[in-house]
Amino acid sequence: MKVGILDSTLREGEQTPGVVFTIDQRVEIAKALSDVGVQMIEAGHPAVSSDIYEGIKRIMKLKREGLITSEIVGHSRAVKKDIEVAAELEVDRIAIFYGVSDIHLKAKHHVTREEALNIIAETISYAKSHGVKVRFTAEDGSRTDLDYLIKVCKTARDAGADRVSIADTVGILYPTKTRELFSTLVREVPGLEFDIHAHNDLGLAVANALAAIEGGATIIHTTVNGLGERVGIVPLQVIAAAIKYHFGIEVVKLNKLQQLASLVEKYSGIPMPPNYPITGDYAFIHKAGIHVAGVLNDPSTYEFMPPETFGRSRDYVIDKYTGKHALKDRFEKLGVKLSDVELDQVLAKIKSNPNVRFYRDVDLLEIAESVTGRVLKPKPPENIEALISVKCESNVYTTAVTRRLSVIPGVKEVMEISGDYDILVKVEAKDPNELNQIIENIRAVKGVSSTLTSLVLKKM
């Protein structure tokens, strides 16, 4: 089984109402997508506006420098002028889209089926004459007569396209039909590979993507956080996790998805719901007492994969649903030993206040002190994580400073960022003294003018 990801956050994602990426943000997102390992990046429709054009131009520069490794795709209407604009940017592939359902042919294009086939063939051939790979997107393919859709795919193949994307433009497919559709296309149109572009109008985009893989699709179109027109398309983090679980294939670096999701959340201005799969705040937090007891004994009782797979950690809520196992574990993690009687008393206090949404560690310590009559001293954390923002001197090359920082003991990750600071450094230390030494080592690096340290209190 072969399957990869085309991420369209920079094209489909920016079609989310209210979302606009700056040129710098487009470049940063492209670098992050490449780092996470997506096979293709749909970088935008360059004929739409100058900022998209400039963004793709800068992305292609990074591609030539080897800083981006994903295949870069430029979007285009089936119009020669659009194709020329994409071709002059020297993208790796041009994706030409055209509505092929009867409703699109009549209401939008005002052409016959035969005329549409001629347009598709002519524009694909024209794009190929510029020396680029071509994908054809059968817009509204899911509502297209099957026999005609097969003709469309054969026309695209014969004109030079090596891929055809079947777009479920209004999100009406369901898994059984999706599997049958792709199985038929793969069988009837040899010599062509197929993508699925699944919209989520009925909440079935991920399920349809999995079914398409079973039917023979080799590329899944995604956006980070499921952004896109109306209710969006397949979320990258969700389909990547599902493909790993069901097919055993790691299509991207799963442990980098959280960071990528947070980056796109920040730049898009669209917040992730806390109960969002994989990257939402609650994705690996347990609440019910019986759930927590199970997880403490064996995490797989209530987790499909370990949170560490995705760069996350598990946690649980302390409130009226909490059982004694969870309470004992929480106090042990705080370094506080309570007797069974004392634990029962603390639990009774918690359950006597059922309207409290959750109890923080400091709240639990206060309750325990009131129950025991003792002053309780929690142990300091065994490991300290911190994020250190670094500002560089104006006359230095930021990347050179980044390289110097990356070799300092205790430094786990170094990222060049936009904003008031130039670099973000993730560090881990055994104790405050070691953390202070790491900070001093960072400040001593040539080109560093100032730092700001933030301690990591909790990871979701």
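Including glycine, each Cβ sits where the backbone N, Cα and C put it.
For His291 (active site, proton acceptor), other Cβ atoms within 10 Å of its Cβ number 17. Following the DSSP three-state reduction, the secondary structure of His291 (active site, proton acceptor) is helix. What Swiss-Prot records for His291 is active site, proton acceptor.
Under 8 Å, Cβ to Cβ, and six or more positions away along its own chain, His75 (2-oxoglutarate binding site) finds Arg11, Glu42, Gly44, His45, Pro46, Ala86, Ala95, Phe97. Feature annotation from Swiss-Prot assigns 2-oxoglutarate binding site to Arg11, His75, Arg135, Thr169.
Under DSSP, His199 (Mg(2+) binding site) is assigned to a strand (E or B) in the three-state scheme. For His199 (Mg(2+) binding site), the same-chain residues lying six or more positions away in sequence with a CB closer than 8 A to its CB are Ala167, Asp168, Thr169, Val170, Gly171, Ala205, Gly228, Glu229, Arg230, Val231, Gly232, Ile233. Residues or ranges marked as Mg(2+) binding site by Swiss-Prot: Glu12, His197, His199.
If you average pLDDT over the domain 'Pyruvate carboxyltransferase' (3-258) in this model, you get 98. According to Swiss-Prot, the domain 'Pyruvate carboxyltransferase' annotation covers 3-258, on the basis of sequence analysis.
In the three-state DSSP classification, Arg135 (2-oxoglutarate binding site) falls within a strand. All chains included, 22 other C-beta atoms sit within 10 angstroms of the C-beta of Thr169 (2-oxoglutarate binding site).
The distance from the Cα of Arg135 (2-oxoglutarate binding site) to the Cα of His197 (Mg(2+) binding site) comes to 12 Å. For the recorded site, His75 (2-oxoglutarate binding site), the DSSP three-state label reads strand. According to its DSSP assignment, Arg11 (2-oxoglutarate binding site) is coil. Among the listed binding-site residues, namely Arg11, Arg135, His197, the Cβ with the most fellow Cβ atoms inside 10 Å is that of His197. Glu12 (Mg(2+) binding site) sits 38 Å from His291 (active site, proton acceptor), counting Cα to Cα. Each of Ser8, Ala167, Asp168, Thr169, Ala198, His221, Thr223, Gly228, Glu229, Gly232, Ile233, Val234 belongs to the same chain as Glu12, His197, His199, is absent from that list, and has a C-beta within 8 angstroms of the C-beta centroid marking the Mg(2+) site.
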